[in-house]
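Taken from TrEMBL, the feature transmembrane segment applies to 141-163, 175-194, 200-220, 256-278, 290-312, 324-344, 351-372, 378-397.
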Amino acid sequence: MAMAMANTTHSGLQEPHQYCRNALLAVSPVSFFSSSCIQFRRPQVAAASRRLPSDNALILFKRRIPSLGASGIQPLPKEKGRGCREVKCQALEFEKEEKSSTYKFWDGVTEQLSGSATFAFLPLQLPQIILNYRNLSAGNAAALAAVPWTGLLTGLLGNLSLLSYFAEKKEKGATIVQAVGVLSTFIVLVQLAIAGTMPAPVFTATAVAVVIGFVVNILNYNGLLSSGIYRAWKELITIGGVSVLPQVMWTTFEPYVPPSVLPGTIFLALSTLMVILGRLEKLPKQASNFMGGVAAWSATLLFMWGPVAQMWTNFINPANIRGLSVYTILLAMAGNSLLLPRALFTRDLMWFTGSSWGALMQGWGILLSMYINKCVAGSVFAGISCGLALWLGNMVVMDSKANSLSSPLSPLGELLYGKS
């Protein structure tokens, strides 16, 4: 208000228009900011030293600043000060820009990480492919009988199902990972078919399924496939996944349960019936939505069952543990760990469940069983455990920052219960 008083005449009087101009300057944004948006009041001056402007001048001034009263100048109660609002808006815009940049950064990083997982999964089948090639070249085809084609076929079906799932979501990195899994597994099956350890009709059907699967998913990824054909393909892999999963689970415990194909047959009939009812639009909406995700979930459960079967085998026959390769387990753990940030970032519960299970059970869990049976040094196991813990901790912290969440555990809450 010193600015307003500086133009006061020697007699302490001001002209009405000069008083109004100085008062407007007093509530300019500059003086408003410097006072932190507190109320401005005109200093009280003794009546003897000055006189108030005329009523006409006050009316004119009140039209310019409605909040002016007889006691002084105050900001409007509803507006709380224009300057404060502008500062607050600018702060919110800046915060939004910061959030957007962090979000985009982590989005790009997680996508690159999921793509780089290919380099971890690619070498998984290479040792077996090289060994099979050497045995075939040496004329020792019987050696390939030690490789179970049923387990490989189960993994290939899982890869095909997840390939369709990620291709439909346009997740490029995860799609490439599944495609590599299909191709590498199929190469091993070709070697087994050459050796005669895999039945020719089964191999022929598998080859046809692989070719159709690749063609369908490539066309669908590029938007060149009709919805009717893609729906038929999804129904086919749904029936295959639902019928194979219970049969594999039953076979795992066959030493303790009688051999039977009944589980697979029952679920084959049930899944086929559900698909037919869905085609006829006889399914309730909830059941129809459930069937839409069955193929991907059955494929994920097939992969999740792999380490369970391995740990069960290690439990009933600890001598088998020494035949496991630490490098193969580390590659599987690294590949799934690289996929985890993207799965969490996209809030994909199915993807996150499969990848976390692969990292913690197929990787760390099997390493734990090897450490307990003294097949892995304690320092190696401790170093791997610390590295995995740091990776998972950094993942949740970065995700919470990218999404401006209050707690590092909030991303997991949104994953399980959805965004509030």
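Cβ from N, Cα, C; glycine included.
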Considering only the recorded stretches 141-163, 256-278, 378-397, state which has the highest number of Cβ pairs under 8 Å to the transmembrane segment (351-372). 378-397
Cβ-based contact of the transmembrane segment (200-220) with the transmembrane segment (141-163), 3 or more pairs under 8 Å: yes
Tertiary contacts of the transmembrane segment (175-194) (same chain, 6+ residues out, Cβ under 8 Å): 114-115, 117-118, 121-122, 124-126, 128-129, 132-133, 136, 141, 144, 147, 149, 152-153, 155-156, 159-160, 162-163, 166-167, 200, 203, 206-207, 210, 213-214, 217, 221, 335, 339
